[in-house]
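Got a structure for you, written out below as structure tokens; questions coming shortly.
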């Protein structure tokens with residue numbers, strides 16, 4: 001659907017409290033639209049939007065939507081949602097979140113960042129670099145940037161940086177000038193009828209929708225992207241630790257929670273020395289993707305390096321929350337949004353490198369029954385890498401329970417040795433008491449998951465022995 005900006009003055013957002021729709025609403029507000037919205041309950045996102053002028057109600061009874069010029073909804077909104085049904089009855093144009101985003105991006109030189117893992121940090125890091133280089137970008141990413149405390153910005157520059165979502169295939173609405181893919185993994189397969197090859201072909205379609213004179217940036221360390229790269233008709237730039245990557249990461253080392261490495265590239269006679277205030281080889285890859293794009297747009301090199309060095313990260317991405325006070329010392333609390341086995345593996349590796357002598361306690365809240373079922377073996381394998389596992393019940397994210405895909409099913413799949421160092425906590429509110437009992441001074445406690453696990457952070461950090 002094409003938007004006529006002359007008649008679209010009032011947009012209603014269903015599920016406005018979600019990170020994706022709230023970011024879109026913020027951009028619409030800053031572009032002068034009247035924004036109304038609805039959700040089931042208030043949160044930090046709705047509070048931020050209300051301060052910006054959004055009119056929000058906390059129910060879905062269908063009364064608020066009928067005066068809007070168009071309505072935007074996310075994949076979390078079901079077909080029987082009263083507001084969705086009311087909009088259809090009133091013949092109000094309905095756009096998916098990704099469709100509205102793609103319409104906004106058409107006004108700019110657009111950069112879309114896709115991938116199973118790392119796209120939020122990469123798009124956030126890229127947005128920060130463009131701001132630091134005075135390119136005054138507009139951006140919309142899938143997390144709250146720690147420096148600006150917002151997932152979105154409207155600038156006066158030529159560039160629009162956005163996270164591209166494969167979870168509902170809505171990245172196919174986009175036709176970017178530059179497309180980035182960090183990796184491809186077997187996630188969100190329900191969107192693709194359980195067919196990984198269909199997921200892969202959809203990524204190819206997305207990349208082939210890049211502008212004819214555009215650029216595709218791919219991580220060559222990913223075997224699927226390595227397979228895809230020669231098939232594309234667009235100009236391809238590759239990056240990675242791989243020896244044949246055009247932008248190649250070398251001499252990586254981690255010092256505490258900082259990363260140091262060099263990037264060899266065709267554009268430079270000497271390697272680029274990069275410092276990041278973030279741990280993990282996965283973040284070195286994210287920074288290398290940013291460097292490749294910076295070269296495409298001819299960004300000032302000192303500004304690029306400064307932006308990488310001082311990028312403070314994205315909320316819930318290896319975020320240090322504080323210390324939990326124990327009777328005889330403290331334990332450090334870290335929160336991370338990762339909910340796929342490969343993301344958990346990267347988080348644990350970064351934490352091990354930062355604190356090699358300290359015990360790792362992983363508190364994991366599985367996200368979706370379908371993902372738990374599809375990746376059960378992979379979860380069991382990666383969870384065994386922690387010193388102690390505290391397993392919460394699956395966060396449903398709106399799914400109905402699936403037999404054999406809950407927390408107890410995960411434990412039953414574990415080896416006897418792993419099961420003996422696992423504590424199952426069915427109710428999130430019981431977590432502070434459990435951690436007080438099992439934690440030891442100097443423990444690193446990682447709260448891992450994309451559900452509501454973060455809501456317990458305040459209680460943990462303020463818990464006294």
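Each residue, glycine too, has its Cβ placed from N, Cα and C.
Swiss-Prot feature annotations, pasted as is:
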{"type": "BINDING", "residues": "115, 116, 117, 118, 119, 120, 121", "note": "ATP binding site"}
For the recorded ATP site, whose residues are 115, 116, 117, 118, 119, 120, 121, find every other residue on that chain with a C-beta no more than 8 angstroms from the centre of their C-beta atoms, and list them by sequence position.
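The surrounding set, listed in chain order, is 113, 122, 182, 183, 286.
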Please work out which residue of 120, 121 has the most C-beta neighbours within 10 angstroms of its C-beta, and give that one of the binding-site residues.
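For the binding-site residues 120, 121, the Cβ with the most other Cβ atoms within 10 Å is 121.
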Let's check the environment of residue 115 (ATP binding site): how many other CB atoms sit within 10 Å of its CB?
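Its Cβ has 25 other Cβ atoms within 10 Å.
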Go through 117, 119, the listed binding-site residues, and name the one with the sparsest Cβ surroundings, counting other Cβ atoms within 10 Å.
117
Under DSSP, is residue 117 (ATP binding site) part of a helix or a strand, or is it coil?
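Where residue 117 (ATP binding site) sits, the three-state DSSP reduction gives coil.
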For residue 118 (ATP binding site), just count the other CB atoms lying within 10 A of its CB, please.
26
